Structures are given as structure tokens and as C-alpha cells.
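Report on the following structure.
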Amino acid sequence: MAAAGFLVTLAIFLVSSSSFSYAFDDDPLQDFCVAVPDASAVFVNGKICKNPKQVTTDDFLATGFNTPASTNNSLGFGVKVADVNLIPGLNTLGLTVLRVDFEPDGVVPPHMHPRATEVIVVLEGTIYAGFVTSNPTDNTKNKLFAKILKPGDVFVFPIGLVHFQRNVGETKGMGIVGFNSQNPGVITTGNAVFGTDPRIAPEVLTKSFQVDKKVIEYLQSKF
């Protein structure tokens with residue numbers, strides 16, 4: 001009976017533990033696992049590890065974050081990403097960092113990261129940033145949490161929630177962003193709804209958004 005009770009307890013523990021695993025990358029079981037580029041292999045978590053004897057200091061280094069990212073696009077923002085593809089030493093460490101630059105009125109459109117919480121540190125400009133809660137269970141409206149951020153401000157976007165940033169200042173803006181995942185992923189709301197290949201049937205979106213079919217077709221043409 002004691003053994004049976006132990007097995008039941010162990011099973012409950014394992015199920016409970018697995019329920020939390022989606023919120024962050026698995027902890028590594030070694031000091032580091034420097035990635036080896038291998039386009040032919042796909043892994044659930046991480047990449048192939050380099051022989052530790054062949055690891056160098058440069059495997060943990062990236063340069064160029066002092067220069068702005070290109071913002072020459074219709075949205076007026078750009079990013080430089082320091083992930084495992086740029087810094088092989090980040091492999092299995094559950095971290096991604098990027099620099100985001102804004103033109104005046106530049107906007108990072110509503111999007112979400114399915115595998116990571118995001119934090120932004122504003123260093124230049126005046127950034128309007130916010131996130132929206134998931135659908136309430138009491139049929140009330142989704143709640144917006146938003147703030148005007150200035151240099152020195154830090155703002156957090158919880159994992160999986162739709163969020164955005166916009167430079168509302170008259171000068172360029174810039175911030176450093178961190179994710180608690182090696183591969184946070186990104187789903188841009190507009191692209192996911194109106195820019196799929198093949199396209200979602202307009203009838204589905206017309207009914208969903210309660211607008212004329214021509215509006216949906218126009219939005220799909222934009223993506």
C-alpha cells in the first residue's frame with residue numbers, strides 16, 4: 001500500500017510539474033551547450049551542442065547593438081535580435097535579447113509571444129505601450145493595461161497576451177527588450193488573421209468581425 005501511495009504521489013507531482021513547464025524553457029543540465037549550426041536538423045528544444053573543448057569566448061559574444069536597426073518600412077520600427085542564431089552560447093539558456101528602434105509615430109503592431117514573457121527598457125523617446133488581458137469569464141470586456149514610457153522606464157508584457165508599442169514622441173525612440181525563452185515566437189495579429197496562405201474564407205471573417213465582405217477583402221489585400 002505504501003508503494004502504491006508513493007506512485008500516486010509521484011504521478012500527481014509529475015502532472016503538476018508539467019503544467020508549469022510551458023512558461024519557460026527547460027533548465028540546461030550542463031554549464032553551457034554552444035549551438036552548432038545545422039539547417040538539416042530540427043529539435044524540440046535547443047540545437048546540437050559543440051564539443052566543449054572547441055568552445056571559444058566569441059561563442060558568447062555579439063556586437064553592433066550600439067547602432068540603430070533599420071526602420072525603413074511602413075510601420076516605422078526595426079529590431080536587432082540577439083538570439084541563439086547570433087550568439088551560439090545562448091543555446092538552452094532560455095534567453096533572447098533585442099534592440100528595437102522607432103521612427104516618430106513608429107509602431108510595433110498588436111502581437112503576442114506564445115512561449116515567453118517580454119520586458120522592455122526604454123532608453124530613448126516616448127513610447128506608448130500596453131497589453132490586453134485574455135477573454136474574461138464573466139463576459140465583460142478585455143482589459144487594457146497601457147502606459148506612456150519614458151527613458152529609464154521598464155514595462156512587462158505577460159506571456160501569451162496581445163501587446164503593442166508606439167513612439168508617441170517627436171524624436172526617434174529606442175529600447176532594449178528581453179524574453180525568457182530561447183525561441184519566444186511571435187504571432188502578429190493582423191498577419192495571422194488577414195495574411196494567411198491560403199487566405200481564411202472572407203465569410204468567416206465577415207461574420208466574426210461583423211463588417212461588410214468588402215472590408216475584409218480590402219484588409220486581406222493589405223497583407
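Please read every residue number as a count from 1 along the shown chain.
Cβ atoms are placed via backbone N, Cα and C, with glycine included.
Unlike curated entries, TrEMBL annotations are predicted automatically.
Annotation comment: TrEMBL describes HIS111, HIS113, GLU118, HIS163 as Mn(2+) binding site.
Here TrEMBL flags HIS113, GLU118 as oxalate binding site. Sequence-distant neighbours of HIS113 (Mn(2+) binding site): residues of the same chain at least 6 apart with a C-beta under 8 Å from its C-beta are PHE157, ILE159, GLY160, PHE179, SER181, PRO184, GLY185, VAL186, ILE187.
If you look up TrEMBL, you'll see CYS33-CYS49 marked as disulfide bond. Neighbours of CYS49 (disulfide bond), defined as other CB atoms within 10 A of its CB across all chains, total 17.
In the predicted model, residues of the domain 'Cupin type-1' (63-217) average a pLDDT of 95. Annotation comment: TrEMBL describes 63-217 as domain 'Cupin type-1'.
Annotation comment: TrEMBL describes 1-23 as signal peptide.
The Cβ centroid of HIS111, HIS113, GLU118, HIS163 marks the Mn(2+) site; residues of that chain outside this set whose Cβ lies within 8 Å of it are MET112, PHE131, PHE157, LEU161, VAL162, PRO184, VAL186, given in sequence order.
Fewest Cβ neighbours within 10 Å among the binding-site residues HIS111, HIS163: that distinction goes to HIS111. Taking the C-alpha atom of CYS33 (disulfide bond) as reference, the shortest distance to any of the binding-site residues HIS111, GLU118, HIS163 belongs to GLU118.
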